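The block underneath contains the structure these notes are about, expressed in structure tokens.
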Amino acid sequence: MSSAAQKKSRRRSTRTGRRHPLATVALIAIGLLFTGGAYALFNSTSSGTEAVAASQDQVDRGSKLFSANCATCHGMNLQGTSAGPSLLGVGAAAVDFQVGTGRMPLQNTGPQAPEKPAQFTTEDTAALAAYVASIAPGPGLPEAEYLDGGGDATHGAELFRINCAMCHNVAGAGGALTEGKYAPSLTGVSAKHIYEAMVTGPQNMPVFNDANLTPEDKRDIITSLKYLEDNPSPGGIELGNLGPVAEGLFLWIFGLGTIVALTVWLTARSN
Amino acid sequence: MTTTTPETPTSTVQPGQVQPGTQGGAVGAISNYLDERTSISAVVKEFGRKIFPDHWSFMLGEVALYSFVVILISGSFLTFFFQASMAEVVYNGSYVPLKGLEMSAAMNSSLDISFDVRGGLLMRQVHHWAALLFIASIVLHMLRIYFTGAFRKPRELNWVIGFLLFVLAMGEGFTGYSLPDDLLSGNGLRIIDGLLKGIPVIGTWISYLLFGGEFPGTQIIGRLYTLHILLLPAIVVALIALHLVFVVVHKHTQYPGPGKTNNNVVGYPILPVYAAKAGGFFFIVFGVIMLMAAFFTINPIWNYGPYDPSPVSAGTQPDWYIGFADGALRLIPPGWEWTLGNYTFSLNVFLPVVVLGLFIVAVLLYPFFEGWVTGDKREHHLLDRPRNAPTRTAIGAAGITFYCGLFFAASSDLIATHFKMAMEHVIHILQFTTVIGPFIAFFIAKRICLALQKKDREIALHGFESGRIVRLPGGEYIEVHHQLDAYERWKLVSFNDYQPLMLRPNDRGEIKTSQRLRAAVSRWFFEDRIAPVTRTELEAAHSHGDHGDHGVVEAKDEAMGGAPHIRS
Amino acid sequence: MADERGREMAADISGTELVPTATSHGDGAPVGTAVVSRDIIENPGLPSHRQRVTDVDPKSERRASRIVTALFYLSVVGSIGAIVSYFAVPIVPDDPASVRLNTLFLGSFIALSLLTIGIGAVHWGKALMMDHEGVDVRHPIRGTAATRARAIEIFDQANKESGFGRRSLIRGSLIGALAIFPLPAIFFFRDLAPIGNNPAELLSHTMWKEGTRLTRDPTGIPIKASDVTIGSVFHVIPEGLEDAEDLLEQKAKAAVLLMRLKPEDLNPSPEKVGWAYDGIVAYSKICTHVGCPVALYEQQTHHLLCPCHQSQFDITQEAKVIFGPANRPLPQLPIAVDSEGYLVAQSDFHEPVGPSFWERRSDYDNA
């Protein structure tokens, strides 16, 4: 469903607008993600289930929000439609990640859903997550003890290099994937969203379940990322942490540019 | 008595000759001491007032020289701390996210330089930025030499020496890039290993011997270190010395201009002006490098972590000067590998090696090629403006396009993410740019050169449009043209002109194949050409009456006090 | 129009043959196909010297000299500042911010001291030193006729005195000896790598063998089939790798990527049907192009991407190359489950992993 249509449907709760042909492709892709995710979670042995019981009020509110904003694509009963995947069993973590980072509701068709300003308030997001989790169990919101950044940075950095750096870059600066997709930069992403992404594997990111990276491992990874964020590079300005390409570009433009400008001054006749 | 004795020996031994040692106090005494032991006065006499022409583009080679000096200074400091060993140690330094990790002694000592030696990180960054600047300034220097034709006789051999320096500088760069033994450099070495294995017949053994066993082994860092700090720098220093000796022997080239001929050098003497400028420039280059090192991170090895064959970072690239080789590897389409019985022929890896080899050999041999085409055996000390050698300039533009296609391919992933493109499209576009782009660039550059030459010719003959419209007594409107003065015009009319080789049978009445080939290349080079303005043409253009309106305009122009035009 | 006329005239004037018909500039060298015209415009000579402000205005001369002096004094300030900051901005253990400050302060002050010397010296040279152009005369690079004659004479004399040209036997044998003497050096390179191993043989085997458990990288914890959920990816090393003496060499060949797909998404060829376990497949992580770790797994498209040269492999088609310079699919590691539910290898890879090499045979089978 195109972004315009989605916005309208949220505002007026009516189905308007025509679907762009590419929308179907994109949504099938997203559908695969969610069905994949759901399947994964049913197969999972050690995924956490809802830790905190949500209040009935919250669930009711979430239900209303869902019908108004999400049901168009994901179906009234989370069963999914041709426009969007089933959300049965994706859990509160997936909802919190997708809605909390602004990826959902989808605004544009494209290779992947980009991060954008969140469309819902924190309470609305929590209500939606509670509602989705109340229909079918799935990975819950991470517990605060894993998000405090108090883990082992050395171990976390090593795990990050082995499991994450090939897509997200060793400094979390992001990188390219196939066909226009990309691994986003991790700078400024909250610990909770990082944790949720590892657990749920949004879009093309693989799932890192608790058998692969234990909650303590995830805490360590978050710790190492927070360390990088809190401690700017000892060498000075980072040039985007993009590696030798950025350094080479900088050298040619700034370094050699400055020096050539100085040679022009040096050889110009004084007036 | 006391006042006369010191003077007696000098006046008696060499009457009439001024002895520097007896004047100028301490400086004079030291000069005298040195000269009596080294003949240094002869050197000062020979070189002290040597003339050096002034142009910003003549400073590029100096940038390279000075950054090399900075590299030597900072590199020597680094060697005091660096341990070129791959022995496993446990990191216990100051950087928290690596504490307790096993790594090679090389990585460990690189981290210690960065975090536990005051100014160590600064020196590491000075060394690395200076290295990038060294090679970039060499490239810019080579482009200046190429596009101005400074490689022509008698400087062909110095082009070869400079070219060798360029290749050695890349070797220095790559060996240095590998030394910290972090994840980035380890993956770089892994690619080198793969590249070597792709060489037919001997590749497997070359890799095996270089790494002292299987990749990564425990030898490679030490071996690269020896190359990096001993063998390669020794050759570089020797070649730089030779390069500079030739600059002195040949005297510097100069751009064409009034008063400048093929038989003179116009400029400023080494002592004092040039010494002040060039000496000051060393400090400026050093200062700019120091500024970059103080403010900008380069190669944050602490992020990459120690080398481990399993992980890799997104955006794994070599330093910029190896980019063209990495890009060449990326541009090969799938499937370029064949098995021949029990052997595998990896054209996908070997072809880039061959093509790049041919490319740099072509760069190396270009001066000899052009000399063969023109057959011109004269010495050339006056530079060409690039437009006045259209085919050479166009070949250069094609070469740059080819190089840039490869170079940008090495950052295909970053281009994709930063310009929101699919990396597959980036690769396809760059494949096109690298293969077809040079032909397009050749054509466009040549046409631009010829158009500029035509414009020059037009301006030299008829002046430039002043924008003033004048009504003549007859009622006709004309635009006043400003004539150039002789100095301005000289820049536009003084250049070498070649025409295609005409095939003629030799004494025995035959035409050799080599001559045919040469005639064909010569035609390709020179068939489109704009001849310089001759005196006759200039006089014809300026003569009154027989050239219609222009004569009138000029007369008018003079009468109205426009720029005076000088006829030769 | 103008250029056409130019062309005609040029054709009239010049010779086109290679033989030196016309000579220019008096040095007698052949001009090749250069057009040597006698109808050239004269060089107007050096323009008259223009005086600088500092030459005519004593006030600006004094100002320039004050600026230069001030710059040199500023350099002294920079150098002292650098020394002071060496002690005043120390490196505090475990605090990267202190390294940043140390680098920043030292670098800035040193840069100040360098740049002010440089700019001061150049400004002195530009504004205050005499700036009248000088002219040097060039001489041909080749030696004078007399010098060259003398050089030839010396060679002749040396030839005569040594008999180098005459004694062909001595000369021939000397050239032979000189040609042969570097040969031993080549043999010296053999011991760069250990004797007794054939690299092609080493490259063909990894640590994996029947029953080796698949364990997590870097912890070495074995993996149960039930741990590997759909959409997840495990970075795998063989059990016992940590204890290997040549850990990095073994890891460089044995690193494996483990993924689980829906069994119906896998399309195994007949001989590889039993190599997966319930949709779980293991592929070598080492690129078949030049050996980077191929670790970027997209769980929806099932594509693997190499970050170094962008080769792409499709896991649903047995890791076939679908884009990029690689040619061969990633080798698959046949896996099974042992009695405790842990994933184990059925055997080693059936072909060498990593980049191609010359001795790599085309017929790797189950041997």
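Each residue, glycine too, has its Cβ placed from N, Cα and C.
Among the features that TrEMBL reports, transmembrane segment is placed at A:21-42 (among others).
Annotation comment: TrEMBL describes A:57-136 (among others) as domain 'Cytochrome c'.
Feature annotation from TrEMBL assigns heme c 1 binding site to A:Cys70, A:Cys73, A:His74. Proximity of A:Cys70 (heme c 1 binding site) to non-local residues of its own chain (separation of 6 or more, Cβ distance below 8 Å) is seen for A:Gly84, A:Leu87, A:Met104, A:Pro105, A:Leu128, given in sequence order.
As a summary of secondary structure, the domain 'Cytochrome c' (A:151-229) carries 43 helix, 5 strand, 31 coil according to DSSP. Annotation source TrEMBL lists domain 'Cytochrome c' at A:151-229 (among others).
The annotation heme c 2 binding site is assigned in TrEMBL to A:Cys164, A:Cys167, A:His168. Note: A:Cys167 (heme c 2 binding site) has non-local neighbours A:Gly175, A:Leu177, A:Ala183, A:Met205, i.e. same-chain residues 6+ apart with C-beta under 8 A of its own C-beta.
According to TrEMBL, the feature transmembrane segment maps to A:249-268 (among others).
A separation of roughly 31 Å, to the nearest angstrom, links the Cα atoms of A:Cys164 (heme c 2 binding site) and A:Cys73 (heme c 1 binding site). For the domain 'Cytochrome c' (A:57-136), residue counts in helix, strand and coil come to 41 helix, 2 strand, 37 coil, using DSSP.
Each of A:Phe66, A:Asn69, A:Ala71, A:Thr72, A:Gly75, A:Gly80, A:Thr81, A:Ala83, A:Gly84, A:Leu87, A:Pro105 belongs to the same chain as A:Cys70, A:Cys73, A:His74, is absent from that list, and has a C-beta within 8 angstroms of the C-beta centroid marking the heme c 1 site.
Put plainly, the binding-site residues A:Cys73, A:Cys164 were compared by Cβ crowding within 10 Å, and the winner is A:Cys164. Using a 10 Å radius centred on the Cβ of A:His74 (heme c 1 binding site) and all shown protein chains, the other Cβ atoms total 25. Calculated from their C-alpha atoms, the gap between A:His168 (heme c 2 binding site) and A:His74 (heme c 1 binding site) amounts to 29 Å. A distance below 8 A between C-beta atoms marks A:Cys167, A:His168 as the binding-site residues from A:Cys70, A:Cys73, A:His74, A:Cys164, A:Cys167, A:His168 lying next to chain B. Its Cβ taken as reference, A:His168 (heme c 2 binding site) is surrounded by 23 other Cβ atoms within 10 Å in the chains shown. Closeness to chain C is evaluated for the binding-site residues A:Cys70, A:Cys73, A:His74, A:Cys164, A:His168 by Cβ distance, with values under 8 Å counted; no residue is counted.
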